Amino acid sequence: MKFVDEATIKVDAGDGGNGVVSFWREKFVAKGGPDGGDGGDGGDVYLEADENLNTLIDYRFNRFYNAERGKNGSGGNCTGKRGEDITLKVPVGTRAIDIDTGEKVAELMTHGMKQMVAKGGWHGLGNTRFKSSVNRAPRQKTLGTKGEVRELRLELLLLADVGMLGLPNAGKSTFIRAVSAAKPKVADYPFTTLIPSLGVVRARGNKSFVVADIPGLIEGAADGAGLGVRFLKHLERCRVLLHVIDILPIDGSDPVQNALTIIDELEQYSEKVASKPRWLLFNKTDLLLEEEADEKINEILEALAWEDRYFKIAAVSRTGTQELCDELADFMDTLPKEIQTEEEKAANKVDFMWDDYHKDAMSGKDVVTEDDWDDWDDEEDDGHVIYVRD
């Protein structure tokens, strides 16, 4: 199945049903009190994570989704039926962004997780709600509110522990083939990898982690060159980044400049991603003598002023790959789990437009008055007497 990690959809929550103006009518009761019922709430729209899905391709062909409208109220204090909700299944790791506001509406990280993305409209109030000691025959009602309408951008972010980045043909796909059972395409031309791929790596002590391989970056990727930076989003949830550097590029380019290009593109994309722990992987060391490879690596480290961890590997022959994986597994055990701060929670809170609707309705806003009850006269309503035969 084709891998699709981004789709745009439009969701319409159901409108609320209207309240109704009605009065109690039956034999021998000519002027009963108000009995207009409320409308029903509109249906909501939800996203639910499903571990059996791994692509958003279904939402490329069907972009519009509507929840059911609430039914109107009726006489006899009958409340209208609530509209049916609609639930859209998406892969685990999907997030939803409101295109108009840019806010993150939902982020689904575990199987079965369910979040609302569009709230149904509130029900309208029937005239029974407006009766009082001074208004015994209210002709007021309120209409149901419109349901939320949102245009959402669905983004599928791979859930991986380790993310790989580098220029095309740096050896990222060869590395993931060497350390896992994943088999991404490998060839001697740029952009062999067109979509991200995942591999499960086994390390010592029965430890394991997931590594993600994304298409290569080139200079100007932040401005759309090559495949752009659209796949960098898959690194946002990674805990460690592996920056693969080809110490002997086939095109004769400078490894130092190549490394700086990747760092620059990463920083332009996101400071948060750029600040993640990042290790350098010097690949294709088997193409040079050991002394020459060490000399080349030291030159690169000095030019980058690099003081963090780095490893020398030859992915095609799997030289140094197992030691690297063991070190990665041990290092990730020392990393703290990400905990969302109160500020981040507040920033991610979604404010819906209908939160204060009922308060506004009862205060007199959006009240509709029906004047078609001319046969009713408040002045004449002094109660009525029911005669009961003994």
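Glycine is no exception: its Cβ is also placed from the backbone N, Cα and C atoms.
Annotated features, as they stand in Swiss-Prot:
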BINDING   166-173, 191-195, 213-216, 283-286, 314-316  GTP binding site
BINDING   Ser173, Thr193  Mg(2+) binding site
DOMAIN    1-159  domain 'Obg'
DOMAIN    160-333  domain 'OBG-type G'
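Secondary structure from DSSP puts Lys172 (GTP binding site) in a helix. Note on Lys172 (GTP binding site): other Cβ atoms within 10 Å of its Cβ, all shown chains, come to 32. In sequence order, Lys172, Gly216, Leu217, His243, Val244, Ile245, Asp246, Ile262 are the residues of the chain that are 6 or more apart from Gly166 (GTP binding site) and have a CB within less than 8 Å of its CB. Secondary structure at Ala314 (GTP binding site), taken from DSSP and collapsed to helix, strand or coil, is strand. In this structure, Ile195 (GTP binding site) belongs to neither helix nor strand by DSSP; it is coil. If you count neighbouring Cβ atoms within 10 Å for each of the binding-site residues Ile195, Ala314, the highest count belongs to Ala314.
Annotation note: Lys284 (GTP binding site) sits in a coil segment as assigned by DSSP. Rounded to a whole number, the distance between the Cα atoms of Ser173 (Mg(2+) binding site) and Ile195 (GTP binding site) is 11 Å. Neighbour counts of Cβ atoms within 10 Å were taken for the binding-site residues Asn169, Ser173; the minimum is at Asn169. Confidence in the domain 'Obg' (1-159), given as mean pLDDT, stands at 91. In sequence order, Gly171, Asp246, Ile247, Leu248, Ala314, Ala315, Val316 constitute the residues six or more apart from Lys284 (GTP binding site) in its chain with CB-CB distances below 8 Å. A Cα-Cα distance of 9 Å separates Ser173 (Mg(2+) binding site) from Pro215 (GTP binding site). Of all the Cβ atoms in the protein chains shown, 25 others lie within 10 Å of the Cβ of Pro215 (GTP binding site).
Under DSSP, Gly166 (GTP binding site) is assigned to coil, being neither helix nor strand in the three-state scheme.
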